[in-house]
Amino acid sequence: MLSALARPAGAALRRSFSTSXQNNAKVAVLGASGGIGQPLSLLLKNSPLVSRLTLYDIAHTPGVAADLSHIETRATVKGYLGPEQLPDCLKGCDVVVIPAGVPRKPGMTRDDLFNTNATIVATLTAACAQHCPDAMICIISNPVNSTIPITAEVFKKHGVYNPNKIFGVTTLDIVRANAFVAELKGLDPARVSVPVIGGHAGKTIIPLISQCTPKVDFPQDQLSTLTGRIQEAGTEVVKAKAGAGSATLSMAYAGARFVFSLVDAMNGKEGVVECSFVKSQETDCPYFSTPLLLGKKGIEKNLGIGKISPFEEKMIAEAIPELKASIKKGEEFVKNMK
């Protein structure tokens, strides 16, 4: 069922660069001047699916917008600077993508970003709840395992919560899993599709290699190494950049892939499947990432975990306590906000 619905990785991204698909999606990027925000905005500007791109940040957005506006694609671009301009940036938006926040430095976990990024996400999502309550909200800001519960609680406070429209963007985990499996097996990565479930940090990232399309087999030691590499791939990039940032280019690609899939589904395209960290009843965790069938109104159907191996079952059991703690931390943050 799942593999039949899942299209090859990156198909939405490639299609968005072709001229056949036409649409009028109005997309906002909050945190558009940052390391992820700039390349993400470039990919969105390059897509015929997007008709209006509004960019928000606390610095440099007029420059980023001016630069992007010279590109010969149809999306109009406008930059907005500072909190007083945020409402105008959000009005009429169909999709809001939030990569805002501080990046990881060597030695930091995603959870170390909590104190700074929790406040940023709570502030930005409160503005979304007020000025574009019906938009699809895509959260990239880490720690996603906590920032999605924060977003949900903020929307509840404003009385506009719709769990089918709030997404934690975990797509980079899938993109990495596809790339690493393809590398090991000598396959074309565009033809590999590995569902990744759970959360978006360390051992909560659970690649379901047993469900990979095409089917692949690894000896247990190689499977354990591959799984560990997928889980710690973000740290691999942080270390390689030696203090100069975290994964920005691959994250921008993954964020764009998710947005294009979402817009495709909103346009009525059928069979669009992406994994995302969302409100869930698949486990006893209130939020969990699984493959989702996307539709015109967001999540059309949660496709669940499916058939998994004992190794994957064990990973889920080990991930759940950490996931629950991160979720609770996010929920408590909003409850304690003044």
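One is the number of the first residue shown, and numbering goes on along the chain from there.
The backbone N, Cα and C atoms fix where each Cβ goes, glycine too.
For 1-24, the entry in Swiss-Prot reads transit peptide, with the evidence type experimental evidence.
What Swiss-Prot lists as NAD(+) binding site is G31, A32, S33, G34, G35, I36, G37, D57, N117, I140, S141, N142, M251, and the listing cites similarity to another entry. In sequence order, I36, L40, P99, I140, L172 make up the list of same-chain residues 6 or more apart from M251 (NAD(+) binding site) whose Cβ falls under 8 Å from its Cβ.
Here the Cβ of S33 (NAD(+) binding site) has 22 other Cβ atoms within 10 Å, regardless of which shown protein chain they belong to. For S33, the entry in Swiss-Prot reads O-linked glycosylation site.
Among the features that Swiss-Prot reports, N6-succinyllysine is placed at K78 (among others), with the record citing similarity to another entry. Taking the Cβ of K78 (N6-succinyllysine) as centre and 10 Å as the limit, one finds 19 other Cβ atoms among all the protein chains shown.
Per Swiss-Prot, the feature N6-acetyllysine maps to K91 (among others). Neighbour density for K91 (N6-acetyllysine): within 10 A of its CB lie 12 other CB atoms from the protein chains shown. In the three-state DSSP reading, K91 (N6-acetyllysine) counts as coil.
The substrate binding site annotation in Swiss-Prot covers R104, R110, N142, R176 and is backed by experimental evidence. Counting every protein chain shown, the number of other Cβ atoms lying within 10 Å of the Cβ of R176 (substrate binding site) is 24.
Annotation for K165 (N6-acetyllysine): same-chain Cβ neighbours under 8 Å, separated by at least 6 residues, are D134, A135, M136, I137, K297, G298, I299. Summarising the annotation, Swiss-Prot assigns N6-acetyllysine to K165 (among others) and lists similarity to another entry as the type of evidence.
For K185 (N6-succinyllysine), the same-chain residues lying six or more positions away in sequence with a CB closer than 8 A to its CB are V216. Swiss-Prot lists K185 (among others) with the feature N6-succinyllysine, giving similarity to another entry as the kind of evidence.
Within 10 Å of the C-beta atom of H200 (active site, proton acceptor) sit 28 other C-beta atoms, taking all shown protein chains into account. Residues annotated as active site, proton acceptor in Swiss-Prot, with experimental evidence given as evidence: H200.
In the three-state DSSP scheme, K239 (N6-acetyllysine) is classed as helix. The Cβ neighbour count for K239 (N6-acetyllysine), using a 10 Å radius over every protein chain in view, is 12. Annotated N6-acetyllysine per Swiss-Prot: K239 (among others), in sequence order, evidence recorded as similarity to another entry.
Of all the Cβ atoms in the protein chains shown, 10 others lie within 10 Å of the Cβ of K296 (N6-acetyllysine). K296 (N6-acetyllysine) falls within neither a helix nor a strand when secondary structure is assigned with DSSP, and so counts as coil. Annotated N6-acetyllysine per Swiss-Prot: K296 (among others), in sequence order.
In the three-state DSSP assignment, the secondary structure recorded for K307 (N6-succinyllysine) is coil. Other C-beta atoms found within 10 angstroms of the C-beta of K307 (N6-succinyllysine) number 9, with every protein chain shown included. Positions annotated as N6-succinyllysine by Swiss-Prot, on the basis of similarity to another entry: K307 (among others).
According to Swiss-Prot, the feature N6-acetyllysine maps to K307 (among others).
Marked as N6-malonyllysine by Swiss-Prot on the basis of similarity to another entry: K307 (among others).
Secondary structure at S326 (phosphoserine), taken from DSSP and collapsed to helix, strand or coil, is helix. Within the same chain, residues at least six positions away from S326 (phosphoserine) with a Cβ under 8 Å of its Cβ are D111, P143, N145, S146, P149, G199, A201, T204. If you look up Swiss-Prot, you'll see S326 (among others) marked as phosphoserine, on the strength of similarity to another entry.
Residues or ranges marked as N6-acetyllysine by Swiss-Prot: K328 (among others). The Cβ of K328 (N6-acetyllysine) lies under 8 Å from the Cβ of P149, each on the same chain and at least six residues away in sequence.
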Whole-number Å value of the largest CA-CA distance among R104, R110, N142, R176, listed as substrate-binding: 18
Nonlocal neighbours by CB distance (under 8 Å) for G35 (NAD(+) binding site), same chain, sequence gap 6 or more: P103, G245, S246, T248
The one of N117, S141, N142 whose CB sees the fewest other CB atoms within 10 Å, among these binding-site residues: N117
Recorded positions near H200 (active site, proton acceptor), in sequence order, restricted to K78, K91, S141, R176, K296 and a 10 Å Cα cut-off: none
Among R104, R110, K335, which are recorded positions, the residue with the most C-beta atoms within 10 angstroms of its C-beta: R110
From recorded positions G37, K91, N117, K239, the one whose Cα lies nearest N142 (substrate binding site): N117
Cβ neighbours of G37 (NAD(+) binding site) where a neighbour is any other Cβ within 10 Å: 27
